Amino acid sequence: MAHLKRLVKLHIKRHYHRKFWKLGAVIFFFLVVLILMQREVSVQYSKEESKMERNLKNKNKMLDFMLEAVNNIKDAMPKMQIGAPIKENIDVRERPCLQGYYTAAELKPVFDRPPQDSNAPGASGKPFKITHLSPEEQKEKERGETKHCFNAFASDRISLHRDLGPDTRPPECIEQKFKRCPPLPTTSVIIVFHNEAWSTLLRTVHSVLYSSPAILLKEIILVDDASVDDYLHEKLEEYIKQFSIVKIVRQQERKGLITARLLGAAVATAETLTFLDAHCECFYGWLEPLLARIAENYTAVVSPDIASIDLNTFEFNKPSPYGSNHNRGNFDWSLSFGWESLPDHEKQRRKDETYPIKTPTFAGGLFSISKKYFEHIGSYDEEMEIWGGENIEMSFRVWQCGGQLEIMPCSVVGHVFRSKSPHTFPKGTQVIARNQVRLAEVWMDEYKEIFYRRNTDAAKIVKQKSFGDLSKRFEIKKRLQCKNFTWYLNTIYPEAYVPDLNPVISGYIKSVGQPLCLDVGENNQGGKPLILYTCHGLGGNQYFEYSAQREIRHNIQKELCLHATQGVVQLKACVYKGHRTIAPGEQIWEIRKDQLLYNPLFKMCLSSNGEHPNLVPCDATDLLQKWIFSQND
């Protein structure tokens, strides 16, 4: 029996010896061929290819050969081990992530806010109020208002670390959870400043540090657009040394917001870019909703719900726990940005406050965007100068080229809205018109003529072809296969009023009897009488169109018409809205051959006699009743 066992073992040993000998021969042969393959592959590439490219291609070919060889010989190996599952290829944009939701501990901010004195000036976002100022304090206050166009005196007396009181957002915002998969991207916060007040700039920085999760905030980049104030140089450099996460980059000459933001984006290292102005305060949980939306949709360009910080008292207008009547961005035909209420279809689409608001345009001062997508869609127009028009240009471009522009109501950031800019423009306000022409030429197709009729500076720039080279912007439009402006108006902003592309007459309306023109006056959004003012030929408040319905329209921001009454003529909302509507008699005017403007309802004519234009019995010999409808200069 023992002898039999030895024979069996000897047989098995000889059997597997022959098997492993054959396997060894196969492996030796494989190694020889592999060396020859490597030499052969090396000589196939031209000398112009880089060393890195050759190595990569060699490795790929060798790997293919090795895998094929292994597949051929693996069947000869004893089946002793169950193979590990083969992993599928993962998209490069996806990162490994855990299931579930981020915890509060994971979303802990960069710094904890220091304890606050509830009675301190401006504490909890309350207004700063003082009943009496000394003569010196009054002078300081006036200097600050002149320099910054807000109450810097109040800002300087409010803590840089002030809290904003309880979180007053709606419950669904406070309780909102954020998925770990896909993971929230990191962000670089970019803040451009030019001669900014010390307290507002640093309160913005501290606000970001106290309200942004450390795992998401990669850096704060302060971009100095050639400030001349001493405190914004060595003193600022010294102050931010305490924060390794904050850095400063500087432009040596004033180039404006657009170029400064491009500089900040160029040095940013995070996955997303978040742009803020230098006089902001971030509310609780402001960053996560923005980044979560980008994680869901790579092409989403998202803005926070912008709360107002009072420019006089610095009171923070906190969000309501019951939600609010939100606004979205729009534009008028002078290409100015504005706000409007949400249309009913947008209100119905949103289930609660966590849902984004789709907006035709955005203010452009505060928003987040994927850095790769920012570069993909053409960042900013590098030939736009200083400031103005870049937000409308980006709004049109994002929508027309396949992206989405949204406002996230659960993200709240306060902003000091000034009534005017404290900064001068190195080349004057002409730069704004030039910027607007650049966006109109690229993105508005035939509708650009509506803008040019309303802005004579822009029309001159077009005539002189002084708007610069647009070839790169048109290349972007072609590369991204962007849709036309008709699509934008029909699909994204169907509520927009589109004036006649070819009105019967357009321009200013001048009195023959005196050197004055019809003028709508300041801030006349309807309901106020017209005025008479020195003719300037620049459009704007003196721009009117005579429509096919015989209306005299001033339709730059709203559809407004000359509205006849027994007394002075007013500017009121146009009644005619297209199909199934007609213009009422009060808004119908006839331009007679004798130069009278006749209203058939009252059977009277428009006169320039008096402070306000008014209706009087018609008299063809009265020069004050005669008008010239002329093209703008």
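Positions of Cβ are set from backbone N, Cα and C atoms, glycine also.
What Swiss-Prot lists as transmembrane segment is 20-37. Feature annotation from Swiss-Prot assigns compositional bias 'Basic and acidic residues' to 134-145. The annotation Mn(2+) binding site is assigned in Swiss-Prot to ASP277, HIS279, HIS415. According to Swiss-Prot, the feature N-linked glycosylation site maps to ASN297, ASN484. Residues or ranges marked as region 'Catalytic subdomain B' in Swiss-Prot: 356-418. Swiss-Prot lists 504-630 with the feature domain 'Ricin B-type lectin'. What Swiss-Prot records for ASP519, GLU522, HIS536, ASN541 is UDP-N-acetyl-alpha-D-galactosamine binding site, and it gives similarity to another entry as the kind of evidence.
In terms of DSSP secondary structure, the compositional bias 'Basic and acidic residues' (134-145) contains 11 helix, 0 strand, 1 coil. Using a 10 Å radius centred on the Cβ of ASN541 (UDP-N-acetyl-alpha-D-galactosamine binding site) and all shown protein chains, the other Cβ atoms total 21. Within the set of binding-site residues (ASP277, ASP519, GLU522), the lowest number of other Cβ atoms found within 10 Å of a Cβ is recorded at GLU522. Neighbour density around each Cβ, counted as other Cβ atoms within 10 Å, peaks among the binding-site residues HIS415, HIS536 at HIS415. Listed in sequence order, GLN404 are the same-chain residues at least 6 apart in sequence whose CB falls under 8 Å from the CB of ASN297 (N-linked glycosylation site). Cβ atoms within 8 Å of the centroid of the Cβ atoms of ASP277, HIS279, HIS415 (the Mn(2+) site) belong to the same-chain residues THR200, THR204, LEU276, ALA278, CYS280, ILE309, GLY365, LEU366, GLY414, VAL416, PHE417, site residues excluded. Each residue contributes its Cα atom, and for HIS536 (UDP-N-acetyl-alpha-D-galactosamine binding site) and HIS279 (Mn(2+) binding site) those atoms are 36 Å apart. Listed in sequence order, PHE150, GLU196, ALA197, THR200, LEU201, THR204, ILE309, HIS415, VAL416 are the same-chain residues six or more apart from HIS279 (Mn(2+) binding site) with CB atoms under 8 A from its CB. Neighbouring residues of the recorded UDP-N-acetyl-alpha-D-galactosamine site, listed in sequence order and excluding ASP519, GLU522, HIS536, ASN541, comprise VAL520, GLY521, ILE531, TYR533, GLY540, GLN542 (Cβ within 8 Å of the Cβ centroid).
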